[in-house]
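**Student:** Here it is, the structure, as C-alpha coordinates.
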Amino acid sequence: MLKINTNFQKLPGSYLFSAIAKKIENYKNANPDKDIIRLGIGDVTRPLTKSVIDALHTSVDEMAHEETFRGYAPDLGYSFLREAVAKNDFEKRGCDISADEIFVSDGAKCDSGNIQELFSLDNTVGVCDPVYPVYVDSNVMAGRAGDYIADLSKFSNITYMLCSAENNFAPNLPEVMPDIIYLCFPNNPTGATMKKSELQKWVDAANASKSVIIYDAAYEAYIREDDVPHSIYECNGAKTCAIELRSFSKTAGFTGLRLGYAVVPKDLIMDGCSLHDMWARRHGTKYNGAPYIVQRAGEAVYFAQGQEEVKGLVNYYMQNCDTILNGLKDTNLKLFGGINAPYIWLKTPDNMTGWDFFDFLLEKANVVGTPGEGFGPGGNGYFRLTAFGKHENTVEAVKRIRSVL
Ligand code: PLP
(Lines of atoms letter the chains of each structure in order from A and count residues from 1; the text may use other names and numbers.)
(Lines give C-alpha, C1' and ligand atoms only; values in the text may rest on other atoms or scores of the structure.)
Protein backbone atom coordinates (compact mmCIF):
# COMPACT_ATOMS: atom_id res chain seq x y z
CA MET A 1 0.00 0.00 0.00
CA LEU A 2 1.17 3.49 -0.79
CA LYS A 3 2.80 5.32 2.08
CA ILE A 4 3.07 9.09 2.25
CA ASN A 5 6.02 11.13 3.43
CA THR A 6 5.04 11.32 7.09
CA ASN A 7 7.55 14.09 7.73
CA PHE A 8 4.91 16.50 6.48
CA GLN A 9 2.75 15.59 9.44
CA LYS A 10 5.45 16.79 11.81
CA LEU A 11 4.94 20.39 10.66
CA PRO A 12 3.05 22.18 13.42
CA GLY A 13 -0.14 24.22 13.10
CA SER A 14 -1.30 26.42 10.31
CA TYR A 15 1.02 28.64 8.36
CA LEU A 16 1.60 31.97 10.10
CA PHE A 17 0.13 34.17 7.40
CA SER A 18 -3.03 32.11 7.02
CA ALA A 19 -3.57 32.39 10.78
CA ILE A 20 -3.16 36.16 10.50
CA ALA A 21 -5.50 36.37 7.49
CA LYS A 22 -8.16 34.45 9.41
CA LYS A 23 -7.96 36.80 12.40
CA ILE A 24 -8.24 39.83 10.11
CA GLU A 25 -11.22 38.34 8.30
CA ASN A 26 -13.01 37.60 11.57
CA TYR A 27 -12.36 41.12 12.78
CA LYS A 28 -13.57 42.66 9.51
CA ASN A 29 -16.73 40.58 9.54
CA ALA A 30 -17.50 41.81 13.03
CA ASN A 31 -16.43 45.41 12.24
CA PRO A 32 -17.14 46.06 8.54
CA ASP A 33 -16.75 49.84 8.88
CA LYS A 34 -13.15 49.70 10.16
CA ASP A 35 -10.28 50.54 7.86
CA ILE A 36 -7.34 48.23 8.55
CA ILE A 37 -3.75 49.15 7.69
CA ARG A 38 -1.52 46.15 6.94
CA LEU A 39 2.11 46.30 7.89
CA GLY A 40 2.27 42.54 8.21
CA ILE A 41 3.21 40.52 5.17
CA GLY A 42 6.61 41.24 3.61
CA ASP A 43 5.35 41.88 0.10
CA VAL A 44 6.22 44.93 -1.96
CA THR A 45 3.55 47.43 -2.99
CA ARG A 46 5.29 49.67 -5.56
CA PRO A 47 4.78 48.82 -9.24
CA LEU A 48 7.58 47.54 -11.46
CA THR A 49 9.86 50.28 -12.79
CA LYS A 50 9.97 51.64 -16.33
CA SER A 51 13.16 49.81 -17.39
CA VAL A 52 11.71 46.51 -16.25
CA ILE A 53 8.39 47.09 -17.97
CA ASP A 54 10.15 48.18 -21.18
CA ALA A 55 12.35 45.06 -21.14
CA LEU A 56 9.27 42.90 -20.60
CA HIS A 57 7.43 44.51 -23.54
CA THR A 58 10.43 44.15 -25.84
CA SER A 59 11.03 40.52 -24.97
CA VAL A 60 7.34 39.65 -25.21
CA ASP A 61 7.43 41.05 -28.77
CA GLU A 62 10.51 38.92 -29.51
CA MET A 63 8.49 35.87 -28.54
CA ALA A 64 5.96 36.74 -31.26
CA HIS A 65 8.41 36.29 -34.16
CA GLU A 66 9.97 33.12 -35.45
CA GLU A 67 13.46 34.66 -35.70
CA THR A 68 13.52 35.89 -32.12
CA PHE A 69 11.26 33.36 -30.39
CA ARG A 70 12.87 31.43 -27.48
CA GLY A 71 11.89 28.05 -26.15
CA TYR A 72 13.39 26.41 -23.08
CA ALA A 73 15.87 28.69 -21.37
CA PRO A 74 19.30 27.25 -20.50
CA ASP A 75 18.89 25.34 -17.20
CA LEU A 76 21.33 27.52 -15.34
CA GLY A 77 20.21 30.83 -16.80
CA TYR A 78 20.94 32.97 -19.87
CA SER A 79 24.53 34.13 -20.02
CA PHE A 80 23.44 37.77 -20.48
CA LEU A 81 21.93 37.67 -16.99
CA ARG A 82 24.60 35.53 -15.32
CA GLU A 83 27.27 37.89 -16.63
CA ALA A 84 25.40 41.01 -15.51
CA VAL A 85 25.00 39.47 -12.03
CA ALA A 86 28.66 38.44 -11.74
CA LYS A 87 29.86 41.87 -12.83
CA ASN A 88 27.48 44.09 -10.89
CA ASP A 89 26.74 42.16 -7.72
CA PHE A 90 30.20 40.64 -7.19
CA GLU A 91 33.07 41.98 -9.33
CA LYS A 92 32.14 45.60 -8.49
CA ARG A 93 32.34 44.71 -4.78
CA GLY A 94 35.70 42.99 -5.16
CA CYS A 95 34.27 39.45 -4.91
CA ASP A 96 35.81 36.84 -7.17
CA ILE A 97 32.64 35.14 -8.43
CA SER A 98 32.31 34.21 -12.11
CA ALA A 99 29.21 34.01 -14.29
CA ASP A 100 29.30 30.22 -14.38
CA GLU A 101 29.01 30.12 -10.58
CA ILE A 102 25.61 31.87 -10.81
CA PHE A 103 22.51 29.66 -11.03
CA VAL A 104 19.45 31.65 -12.09
CA SER A 105 16.20 30.57 -10.48
CA ASP A 106 12.65 31.74 -9.93
CA GLY A 107 13.39 33.11 -6.48
CA ALA A 108 15.12 32.64 -3.17
CA LYS A 109 12.24 30.78 -1.53
CA CYS A 110 12.65 27.82 -3.88
CA ASP A 111 16.43 27.92 -3.63
CA SER A 112 16.41 28.15 0.17
CA GLY A 113 13.95 25.26 0.37
CA ASN A 114 15.66 23.09 -2.26
CA ILE A 115 19.32 23.55 -1.41
CA GLN A 116 19.19 21.05 1.46
CA GLU A 117 18.74 18.25 -1.11
CA LEU A 118 22.50 18.38 -1.65
CA PHE A 119 23.18 17.09 1.84
CA SER A 120 22.75 13.79 3.64
CA LEU A 121 19.90 13.40 6.10
CA ASP A 122 22.49 12.67 8.81
CA ASN A 123 23.75 16.24 8.89
CA THR A 124 23.07 18.59 11.77
CA VAL A 125 21.33 21.87 10.96
CA GLY A 126 21.68 25.27 12.64
CA VAL A 127 19.22 28.13 12.21
CA CYS A 128 18.85 31.53 13.79
CA ASP A 129 15.91 31.88 16.16
CA PRO A 130 13.74 33.74 15.12
CA VAL A 131 14.06 32.63 11.50
CA TYR A 132 12.55 32.78 8.01
CA PRO A 133 10.44 29.59 8.35
CA VAL A 134 11.43 27.98 5.03
CA TYR A 135 14.83 26.80 6.27
CA VAL A 136 13.32 24.77 9.11
CA ASP A 137 10.24 23.51 7.26
CA SER A 138 12.18 22.28 4.23
CA ASN A 139 14.46 20.26 6.51
CA VAL A 140 11.41 18.88 8.31
CA MET A 141 9.86 17.74 5.02
CA ALA A 142 13.14 16.10 4.03
CA GLY A 143 13.28 14.20 7.34
CA ARG A 144 16.37 15.87 8.75
CA ALA A 145 14.78 17.84 11.60
CA GLY A 146 13.83 15.06 14.03
CA ASP A 147 10.65 15.31 16.08
CA TYR A 148 8.65 18.38 17.02
CA ILE A 149 8.80 19.17 20.72
CA ALA A 150 5.59 21.09 21.25
CA ASP A 151 6.51 22.49 24.69
CA LEU A 152 9.59 24.14 23.23
CA SER A 153 8.18 24.84 19.73
CA LYS A 154 11.40 23.28 18.43
CA PHE A 155 12.56 20.28 16.40
CA SER A 156 14.82 17.83 18.18
CA ASN A 157 17.61 17.71 15.55
CA ILE A 158 17.84 21.40 14.82
CA THR A 159 20.17 23.76 16.65
CA TYR A 160 18.35 27.03 17.29
CA MET A 161 20.82 29.88 17.60
CA LEU A 162 19.12 32.54 19.68
CA CYS A 163 19.10 36.08 18.31
CA SER A 164 17.98 38.53 20.97
CA ALA A 165 18.59 42.10 22.03
CA GLU A 166 21.55 40.78 24.10
CA ASN A 167 23.52 39.76 21.00
CA ASN A 168 22.11 42.46 18.70
CA PHE A 169 20.10 39.75 16.95
CA ALA A 170 23.25 38.18 15.48
CA PRO A 171 23.77 34.62 16.78
CA ASN A 172 26.75 33.66 18.92
CA LEU A 173 29.05 31.10 17.30
CA PRO A 174 27.90 27.69 18.56
CA GLU A 175 30.43 25.61 20.52
CA VAL A 176 29.92 22.79 18.06
CA MET A 177 29.32 24.04 14.54
CA PRO A 178 26.32 22.38 12.83
CA ASP A 179 27.06 20.82 9.42
CA ILE A 180 24.56 23.06 7.61
CA ILE A 181 24.16 26.63 8.88
CA TYR A 182 21.56 29.04 7.59
CA LEU A 183 22.38 32.72 7.99
CA CYS A 184 20.24 35.54 6.62
CA PHE A 185 21.56 39.11 6.72
CA PRO A 186 20.06 41.70 6.54
CA ASN A 187 17.66 39.59 8.52
CA ASN A 188 14.02 38.79 8.14
CA PRO A 189 12.34 39.20 10.64
CA THR A 190 14.66 41.18 12.93
CA GLY A 191 16.12 43.65 10.42
CA ALA A 192 19.54 42.99 12.00
CA THR A 193 22.85 42.87 10.16
CA MET A 194 26.24 41.33 10.82
CA LYS A 195 29.42 43.36 10.41
CA LYS A 196 32.03 41.95 8.06
CA SER A 197 34.41 41.15 10.95
CA GLU A 198 31.66 39.13 12.67
CA LEU A 199 30.71 37.27 9.49
CA GLN A 200 34.39 36.49 8.91
CA LYS A 201 34.36 34.53 12.20
CA TRP A 202 31.54 32.34 10.87
CA VAL A 203 33.40 31.75 7.62
CA ASP A 204 36.57 30.79 9.50
CA ALA A 205 34.65 28.48 11.84
CA ALA A 206 32.76 26.85 8.94
CA ASN A 207 36.00 26.22 7.05
CA ALA A 208 37.57 24.74 10.18
CA SER A 209 34.63 22.38 10.84
CA LYS A 210 33.91 21.66 7.14
CA SER A 211 30.40 23.01 7.52
CA VAL A 212 28.45 24.77 4.79
CA ILE A 213 26.84 28.19 5.29
CA ILE A 214 23.68 28.92 3.30
CA TYR A 215 23.78 32.72 3.22
CA ASP A 216 20.46 34.32 2.32
CA ALA A 217 21.09 37.88 1.14
CA ALA A 218 17.58 38.57 -0.19
CA TYR A 219 17.61 42.02 1.50
CA GLU A 220 21.09 43.07 0.39
CA ALA A 221 19.74 46.11 -1.51
CA TYR A 222 18.53 47.68 1.74
CA ILE A 223 21.99 48.03 3.29
CA ARG A 224 22.69 51.70 4.03
CA GLU A 225 25.73 51.46 6.31
CA ASP A 226 29.23 51.08 4.85
CA ASP A 227 30.57 48.44 7.22
CA VAL A 228 27.82 45.91 6.47
CA PRO A 229 28.83 43.28 3.87
CA HIS A 230 26.58 42.89 0.83
CA SER A 231 27.85 39.39 0.12
CA ILE A 232 29.44 36.65 2.19
CA TYR A 233 32.12 36.47 -0.51
CA GLU A 234 33.48 39.75 0.83
CA CYS A 235 34.93 37.53 3.59
CA ASN A 236 38.18 35.65 3.02
CA GLY A 237 37.70 31.96 2.42
CA ALA A 238 33.92 32.11 1.87
CA LYS A 239 34.20 30.37 -1.49
CA THR A 240 35.18 27.12 0.20
CA CYS A 241 32.28 27.10 2.69
CA ALA A 242 29.35 29.23 1.50
CA ILE A 243 26.43 29.24 -0.90
CA GLU A 244 24.72 32.61 -1.31
CA LEU A 245 21.08 33.14 -2.27
CA ARG A 246 19.79 36.33 -3.82
CA SER A 247 16.43 37.55 -5.04
CA PHE A 248 15.05 40.26 -7.32
CA SER A 249 11.86 40.28 -5.22
CA LYS A 250 12.66 42.95 -2.68
CA THR A 251 15.42 44.62 -4.69
CA ALA A 252 13.34 45.38 -7.76
CA GLY A 253 9.76 44.48 -6.86
CA PHE A 254 9.77 41.07 -8.60
CA THR A 255 7.67 39.21 -6.00
CA GLY A 256 5.03 38.54 -8.67
CA LEU A 257 7.45 38.23 -11.59
CA ARG A 258 9.78 35.70 -9.87
CA LEU A 259 13.56 35.80 -10.29
CA GLY A 260 16.51 34.99 -8.08
CA TYR A 261 19.81 33.20 -8.14
CA ALA A 262 22.12 31.02 -6.11
CA VAL A 263 25.88 31.35 -6.07
CA VAL A 264 27.61 27.99 -5.75
CA PRO A 265 31.37 28.53 -6.10
CA LYS A 266 33.48 25.94 -7.88
CA ASP A 267 35.85 25.88 -4.89
CA LEU A 268 33.06 24.54 -2.70
CA ILE A 269 34.13 20.92 -2.33
CA MET A 270 32.45 18.98 0.47
CA ASP A 271 33.01 15.35 1.31
CA GLY A 272 35.17 15.14 -1.82
CA CYS A 273 32.39 16.35 -4.14
CA SER A 274 31.79 19.61 -6.00
CA LEU A 275 28.57 21.20 -4.76
CA HIS A 276 28.65 23.34 -7.90
CA ASP A 277 28.46 20.23 -10.09
CA MET A 278 25.79 18.67 -7.88
CA TRP A 279 23.62 21.82 -8.00
CA ALA A 280 24.09 21.99 -11.80
CA ARG A 281 22.95 18.36 -12.02
CA ARG A 282 20.00 19.04 -9.76
CA HIS A 283 18.99 22.13 -11.74
CA GLY A 284 19.29 20.21 -15.01
CA THR A 285 17.09 17.43 -13.71
CA LYS A 286 14.39 19.35 -11.86
CA TYR A 287 14.30 22.83 -13.36
CA ASN A 288 13.75 24.11 -16.89
CA GLY A 289 14.91 27.65 -16.32
CA ALA A 290 13.36 31.02 -15.45
CA PRO A 291 11.33 32.54 -18.31
CA TYR A 292 13.28 34.44 -20.99
CA ILE A 293 11.17 37.56 -20.59
CA VAL A 294 11.74 37.60 -16.83
CA GLN A 295 15.48 37.15 -17.24
CA ARG A 296 15.51 40.08 -19.68
CA ALA A 297 13.59 42.12 -17.08
CA GLY A 298 16.22 41.12 -14.50
CA GLU A 299 19.02 42.18 -16.83
CA ALA A 300 17.39 45.63 -17.19
CA VAL A 301 17.78 46.16 -13.44
CA TYR A 302 21.57 46.27 -13.94
CA PHE A 303 21.58 49.00 -16.60
CA ALA A 304 22.25 52.56 -15.41
CA GLN A 305 18.58 53.59 -15.54
CA GLY A 306 17.50 50.35 -13.85
CA GLN A 307 19.98 50.92 -11.03
CA GLU A 308 18.62 54.43 -10.45
CA GLU A 309 15.04 53.15 -10.41
CA VAL A 310 15.89 50.39 -7.96
CA LYS A 311 17.52 52.93 -5.65
CA GLY A 312 14.25 54.88 -5.83
CA LEU A 313 12.22 51.83 -4.80
CA VAL A 314 14.50 50.99 -1.91
CA ASN A 315 14.54 54.63 -0.75
CA TYR A 316 10.76 54.71 -0.86
CA TYR A 317 10.48 51.77 1.52
CA MET A 318 13.34 52.91 3.72
CA GLN A 319 11.58 56.24 4.23
CA ASN A 320 8.80 54.18 5.77
CA CYS A 321 11.36 52.67 8.14
CA ASP A 322 12.45 56.17 9.13
CA THR A 323 8.81 57.16 9.65
CA ILE A 324 8.24 54.18 11.95
CA LEU A 325 11.52 54.53 13.85
CA ASN A 326 11.13 58.30 14.36
CA GLY A 327 7.41 58.10 15.06
CA LEU A 328 7.69 55.43 17.75
CA LYS A 329 11.05 56.22 19.32
CA ASP A 330 9.69 58.08 22.35
CA THR A 331 7.07 55.43 23.18
CA ASN A 332 7.41 52.45 25.52
CA LEU A 333 8.31 50.20 22.56
CA LYS A 334 11.93 49.12 22.12
CA LEU A 335 12.70 49.24 18.41
CA PHE A 336 15.30 47.31 16.41
CA GLY A 337 16.19 46.95 12.72
CA GLY A 338 14.94 49.36 10.07
CA ILE A 339 18.40 50.78 9.31
CA ASN A 340 19.66 48.27 6.73
CA ALA A 341 16.49 46.24 6.21
CA PRO A 342 12.83 46.93 5.47
CA TYR A 343 11.72 45.43 8.79
CA ILE A 344 11.23 46.95 12.23
CA TRP A 345 11.40 44.42 15.05
CA LEU A 346 9.99 45.61 18.33
CA LYS A 347 9.80 44.35 21.88
CA THR A 348 6.16 44.15 22.90
CA PRO A 349 5.12 46.25 25.92
CA ASP A 350 3.97 44.90 29.30
CA ASN A 351 5.29 41.38 28.66
CA MET A 352 2.63 40.75 26.03
CA THR A 353 3.21 37.82 23.68
CA GLY A 354 3.49 38.67 20.00
CA TRP A 355 -0.05 37.34 19.43
CA ASP A 356 -1.41 39.43 22.36
CA PHE A 357 0.12 42.52 20.81
CA PHE A 358 -1.24 41.51 17.40
CA ASP A 359 -4.78 41.36 18.82
CA PHE A 360 -4.26 44.59 20.74
CA LEU A 361 -3.10 46.54 17.66
CA LEU A 362 -5.75 45.00 15.40
CA GLU A 363 -8.59 45.85 17.78
CA LYS A 364 -7.43 49.18 19.19
CA ALA A 365 -5.50 50.70 16.28
CA ASN A 366 -6.73 48.66 13.31
CA VAL A 367 -3.10 48.04 12.36
CA VAL A 368 -1.77 44.62 11.39
CA GLY A 369 1.78 43.43 12.01
CA THR A 370 3.33 39.99 12.49
CA PRO A 371 3.71 38.26 15.88
CA GLY A 372 7.32 37.34 16.55
CA GLU A 373 6.58 33.77 17.65
CA GLY A 374 5.54 33.01 14.07
CA PHE A 375 9.28 33.01 13.31
CA GLY A 376 10.28 30.61 16.09
CA PRO A 377 10.30 30.50 19.87
CA GLY A 378 13.00 33.19 20.08
CA GLY A 379 10.49 35.61 18.51
CA ASN A 380 8.15 35.39 21.48
CA GLY A 381 7.54 38.82 22.97
CA TYR A 382 8.52 40.55 19.73
CA PHE A 383 6.56 41.91 16.80
CA ARG A 384 7.46 42.75 13.19
CA LEU A 385 6.32 45.79 11.21
CA THR A 386 7.23 46.00 7.54
CA ALA A 387 8.20 49.06 5.52
CA PHE A 388 6.52 47.77 2.38
CA GLY A 389 3.34 49.82 2.77
CA LYS A 390 2.38 53.12 1.16
CA HIS A 391 3.81 56.28 2.77
CA GLU A 392 0.38 57.64 3.75
CA ASN A 393 -0.62 54.34 5.34
CA THR A 394 2.63 54.08 7.25
CA VAL A 395 2.27 57.61 8.61
CA GLU A 396 -1.33 56.89 9.63
CA ALA A 397 -0.40 53.52 11.19
CA VAL A 398 2.30 55.16 13.32
CA LYS A 399 -0.19 57.82 14.44
CA ARG A 400 -2.70 55.15 15.42
CA ILE A 401 -0.15 52.99 17.24
CA ARG A 402 1.07 56.03 19.23
CA SER A 403 -2.48 56.88 20.23
CA VAL A 404 -3.16 53.47 21.80
CA LEU A 405 0.11 52.88 23.65
N1 PLP B 1 14.54 34.82 1.86
C2 PLP B 1 14.04 35.63 2.80
C3 PLP B 1 14.83 35.86 4.03
C4 PLP B 1 12.79 36.23 2.63
O5 PLP B 1 12.30 37.01 3.59
C6 PLP B 1 12.06 35.98 1.46
C7 PLP B 1 10.73 36.57 1.24
O8 PLP B 1 10.08 37.11 2.05
C9 PLP B 1 12.60 35.14 0.52
C10 PLP B 1 13.84 34.57 0.74
C11 PLP B 1 11.83 34.80 -0.71
O12 PLP B 1 12.28 35.46 -1.81
P13 PLP B 1 11.67 35.16 -3.24
O14 PLP B 1 10.52 36.08 -3.45
O15 PLP B 1 12.84 35.45 -4.16
O16 PLP B 1 11.26 33.74 -3.32
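The backbone N, Cα and C atoms fix where each Cβ goes, glycine too.
Quantities reported herein were computed from a predicted structural model and do not represent experimental measurements.
Features from TrEMBL:
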type    : residues                                                                              : note
BINDING : TYR15, GLY42, LYS109, TYR132, ASN188, ASN288, ARG384                                  : substrate binding site
DOMAIN  : 34-401                                                                                : domain 'Aminotransferase class I/classII large'
BINDING : TYR72, ALA108, LYS109, TYR132, ASN188, TYR219, SER247, PHE248, SER249, ARG258, ASN288 : pyridoxal 5'-phosphate binding site
MOD_RES : LYS250                                                                                : N6-(pyridoxal phosphate)lysine
**Student:** In whole Å, how far is the residue listed as 'N6-(pyridoxal phosphate)lysine' from ARG384 (substrate binding site) when you measure between their Cα atoms?
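**Tutor:** Spelling it out, the Cα of ARG384 (substrate binding site) and the Cα of the residue listed as 'N6-(pyridoxal phosphate)lysine' are 17 Å apart.
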**Student:** From TYR72, LYS250, ASN288, ARG384, which recorded positions have a C-beta atom under 6 Å away from some atom of ligand 1?
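**Tutor:** What lies within reach of ligand 1, judged by Cβ under 6 Å, is none of the recorded positions.
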**Student:** Taking the binding-site residues one at a time (TYR72, TYR132), which has its Cβ surrounded by the most other Cβ atoms within 10 Å?
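**Tutor:** Most Cβ neighbours within 10 Å: TYR132.
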**Student:** Fewest other Cβ atoms within 10 Å: which of the recorded positions LYS109, LYS250, ARG384 wins that one? Let me know.
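**Tutor:** With the recorded positions LYS109, LYS250, ARG384, fewest surrounding Cβ atoms within 10 Å: LYS109.
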**Student:** Round to a whole number and give the Cα-to-Cα distance in Å for the pair the residue listed as 'N6-(pyridoxal phosphate)lysine' and ASN288 (substrate binding site).
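**Tutor:** Answer for this pair: 24 Å between alpha carbons.
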**Student:** Counting other CB atoms within 10 A of each CB, which of the binding-site residues ASN188, SER247, SER249, ASN288 comes out lowest?
**Tutor:** ASN288
**Student:** If you average the pLDDT over the domain 'Aminotransferase class I/classII large' (34-401), what number do you get?
**Tutor:** 97
**Student:** Using C-alpha atoms, which one of the binding-site residues LYS109, ASN188, ASN288 comes nearest to SER247 (pyridoxal 5'-phosphate binding site)?
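**Tutor:** Ranked by Cα distance from SER247 (pyridoxal 5'-phosphate binding site), first place goes to LYS109.
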**Student:** When you measure from the Cβ of GLY42 (substrate binding site), which residues in the chain that are at least 6 apart have a Cβ under 8 Å away?
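**Tutor:** Result: ASN188, LYS250, PRO342, TYR343, THR386, PHE388.
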**Student:** For the C-alpha pair, I'd like the distance in angstrom between ASN288 (substrate binding site) and SER249 (pyridoxal 5'-phosphate binding site), rounded off.
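**Tutor:** About 20 Å separates the two Cα atoms.
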**Student:** In Å, rounded, how far does the Cα of TYR72 (pyridoxal 5'-phosphate binding site) sit from the Cα of LYS109 (substrate binding site)?
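**Tutor:** Taking the Cα atoms only, TYR72 (pyridoxal 5'-phosphate binding site) lies 22 Å from LYS109 (substrate binding site).
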**Student:** For LYS109 (substrate binding site), which DSSP three-state class applies?
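**Tutor:** For LYS109 (substrate binding site) - judged by DSSP and reduced to three states - the answer is helix.
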**Student:** Where does ARG384 (substrate binding site) sit by DSSP, helix, strand or coil?
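**Tutor:** Its secondary structure by DSSP: strand.
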